[in-house]
């Protein structure tokens, strides 16, 4: 069997893969670009009967992964005696995470720090006179190898490549901050991990954002990541990572949402606004981020650690850490802000995986719909701002090349406005160098009469930013109909947080809701009063466009057979410009077509009443007022 046949066989068998795309600077999950948004949780600090509760809360906050330490001394407190039951049942924790839909970033040490007793190393190691911990000392390495011989076979079945949920495994922990700087030790660990976990497992290191830390902590064959908090210059920190990993994903393996406490000191904390701001910036850069901690938990018994820099300082019993989830697992305002950031920025890559199964196409210059072999609907064009825009700068379509409308957003969250064919050829935008600029381009329908029937769609010709020609585009075809026909977003409704009462933001946004059946399924008309422009699907069927703000049409015809008389009917709305303050749709018994004058010059009148159609007032609400039997909607930024 040649290499091509082997690859095809793997694809047919449905093998799971997780790797690094060094060419496109990203992770690849099953061959597609992937960005993880993770949070640290220590199973050793939380009673096992609360594990599921905490994992579900992390999932509901928008995380797609969790990061966990494995404390050696928690499982082998006495030499040769191992405990993996109850609060120490690691396999059960991995299984719960998998059931919840969370990937796992595993950090098995052998040293873990974590403000845990002796950094997770068992105290019985000190029975060996003059042992040199975290080094190539033979007595220490023998103990490590014995432990890994127990631990790693337990976790191997849970590797992603083995149909589990462990996507990556860390070797040691912040070794560059340790005085030894023993490369032979790290090489030995690499050999041990490879021997037990295989050549395809993604192994990585984590170190502080200093050159010395990365020099001593990194090793060829282990992907080097960094850690830092809100007081760090993000650009400078990732630039340092790039010195040690010129290609591959940007990764902050420990983004500090809070800090630890020592006895006799002031309770530590990190401002929630600083956390959300820094998280937003990193995610917008495409970085994968793990928040340390997402829930801290408790140092039960004697498991607290201690620091000794200029003096000995013992860590307190609570490991609350000012984390998004409190020590008792309660959500905080910090969690709500983080959830909003993830909703606005971090879910874009996963949505693109859903909407664009063929993945991105990289091109120096812009490509049309036809060149991308997408003939209808929407496409996404993405590039980076080439320079600082200290003042609003014109984004120009010099040849009237936007066919037909482009909705422009910076960093997935700041809506800039609209470019429109024949109407709006210039739009002023603001942002920083390196910010991501997205243009969601809508095909409004091709010319069907006259000399301009050769009507290409997309962006034709160059776009200018001031005097700069924009290049280096990432282009995505979008199969919205396929995703929605497949059940999205209702199939993942529990992932989406409820409306926060602040009103809908401007720019492209999905809304969803359900219309409960009243026992009949007859023709009706859907009215979107005070909405702007967009698309509507009912039970996965694309009803068509609405443009309430421009008119004349103010309602969409809904054939009765599309509705269920016995089951809730799913409604999905893509609003492109901005929903009303209290977004709702109404199901009416007659059309509303009289916004402006019609083609013949007369008034486009309201149709006559149709007996047997659904009564007026049946509706669905997003934020506030609910009409009759409805389901409260939730919104997700596209």
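Here the Cβ of each residue, glycine as well, is placed from N, Cα and C on the backbone.
The domain 'Glycoside hydrolase 35 catalytic' annotation in TrEMBL covers 27-344.
The C-beta environment of residue 254 (active site, nucleophile), restricted to residues of the same chain at least 6 apart in sequence and closer than 8 Å, consists of 40, 206, 227, 228, 290, 292. Per TrEMBL, the feature active site, nucleophile maps to 254.
Feature annotation from TrEMBL assigns domain 'Beta-galactosidase 1-like first all-beta' to 367-479. Averaged across the domain 'Beta-galactosidase 1-like first all-beta' (367-479), pLDDT in this predicted model comes to 94.
TrEMBL lists 508-566 with the feature domain 'Beta-galactosidase galactose-binding'.
The feature region 'Disordered' is assigned by TrEMBL to 596-638.
The compositional bias 'Basic and acidic residues' annotation in TrEMBL covers 624-638.
Helix, strand and coil counts from DSSP across the domain 'Beta-galactosidase galactose-binding' (508-566) read 3 helix, 26 strand, 30 coil. Broken down by DSSP into helix, strand and coil, the domain 'Beta-galactosidase 1-like first all-beta' (367-479) contains 0 helix, 57 strand, 56 coil.
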